Amino acid sequence: MIDNKRGSSYLNSLPEGLSAEECDRYSAVVSLCWNVLGELQDVEFKWHEPLAYHTTFRVGGPAACLARPRSESALLALLERVRENSVPYVVLGGGSNVLVTDGPIPALVIQLIHVAAGLAFNKGRSSSRPLVVVGAGVPISRLLRFCVRNELGGLECLVGIPGSVGGAVVMNAGTAEGTIAEALEWLDALDGAGQRQLVFKADLPAGYRSMGLPEAWLILGGAFRLHVSSGRSLKREMRSLMVRRKATQPLGRPSAGCVFKNPVEAPAGALIERAGLKGFRMGNAQVSDKHANWIINLGSARARDILALISLVENEVFGKFGVRLEREIRILSPEKNSLNQMLNS
């Protein structure tokens with residue numbers, strides 16, 4: 001529930017530097033959220049929350065309102081109220097595959113860090129292929145620790161990938177060693193009308209960096225068919241994979257991982273490197289000198305620097321090789337076609 005004693009400060013304070021049009025649109029969303037969501041129970045609200053705090057790129061302007069439901073029932077009530085009142089909204093997962101623009105975002109941003117966070121499997125099961133049920137809000141790193149602790153193999157390919165399980169499912173995250181879809185059994189989701197859907201992997205058109213889900217669906221969780229392994233061998237395998245990743249990827253810098261999908265002609269990183277752009281920078285955004293398909297924030301980059309660098313890479317690769325790179329990351333901006341998304345990332 002919203003603290004009404006602080007209401008005037010929330011409604012009257014706006015981010016600096018807005019044009020009159022931006023100010024009107026942003027303040028309208030703040031007021032709308034305040035008026036239609038204020039009585040909801042078991043939801044944490046933050047106002048004018050910088051999204052740079054919630055993305056792995058560490059860039060992004062403030063959201064009109066950020067909501068964190070503390071239970072599944074609170075999430076369902078929030079989404080119902082949002083749909084009934086046409087509140088522009090985005091569901092944001094771990095923020096690992098998204099670039100938020102610098103300006104204020106006139107929308108409600110919903111995070112699932114307090115809900116859809118369960119992890120369970122039947123320890124007494126005699127099968128060598130146990131089923132693990134995971135909430136969409138569970139960080140991938142936590143899922144992997146759970147697997148090691150319970151000696152369950154099958155998801156080692158995800159080591160080093162940031163973000164949440166929900167985001168990993170939406171984009172069918174993976175590496176050269178495999179993808180999350182390979183272990184997926186079924187998904188628990190809300191469709192665009194807010195109806196609960198149980199979808200089996202056999203019914204999903206999963207492909208490269210996509211699970212083939214409708215844009216408006218929200219992942220609540222899923223089940224993964226794993227195999228019994230030894231905790232020691234799992235640790236050894238994950239450690240080996242992590243050493244390789246650290247040697248070839250700039251894991252210590254703020255980034256969103258690979259920026260582009262690999263085209264059929266050649267890996268995107270190889271094309272970018274052949275175009276002479278490895279290490280190239282614009283402002284404090286740089287094409288990584290470790291992996292050319294990664295753009296990193298050197299510490300004080302703005303989203304506009306990163307976007308300009310992405311556009312330059314696209315134009316240079318197309319000009320030299322005739323290949324149009326397709327973006328793997330999602331862009332969240334004040335534009336209306338950017339909102340009402342289930343980023344889950």
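The backbone N, Cα and C atoms fix where each Cβ goes, and this holds for glycine too.
Database features, via Swiss-Prot:
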- 59-254: domain 'FAD-binding PCMH-type' (DOMAIN)
- Arg209: active site (ACT_SITE)
- Cys258: active site, proton donor (ACT_SITE)
- Glu328: active site (ACT_SITE)
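Separation of the C-alpha atoms of Cys258 (active site, proton donor) and Glu328 (active site): 7 Å, rounded to the nearest whole number. Cys258 (active site, proton donor) falls within a strand when secondary structure is assigned with DSSP. A separation of roughly 8 Å, to the nearest angstrom, links the Cα atoms of Glu328 (active site) and Arg209 (active site). A 10 Å cutoff on Cβ-Cβ distances gives Glu328 (active site) a total of 19 other Cβ atoms nearby, all chains included.
Counting only same-chain residues six or more apart in sequence, the Cβ atoms lying under 8 angstroms from the Cβ of Arg209 (active site) belong to Met171, Asn172, Ala173, Lys261, Glu328. The number of other CB atoms found within 10 A of the CB of Cys258 (active site, proton donor), across every protein chain shown, is 21. For the recorded site, Glu328 (active site), the DSSP three-state label reads coil. Arg209 (active site) falls within neither a helix nor a strand when secondary structure is assigned with DSSP, and so counts as coil.
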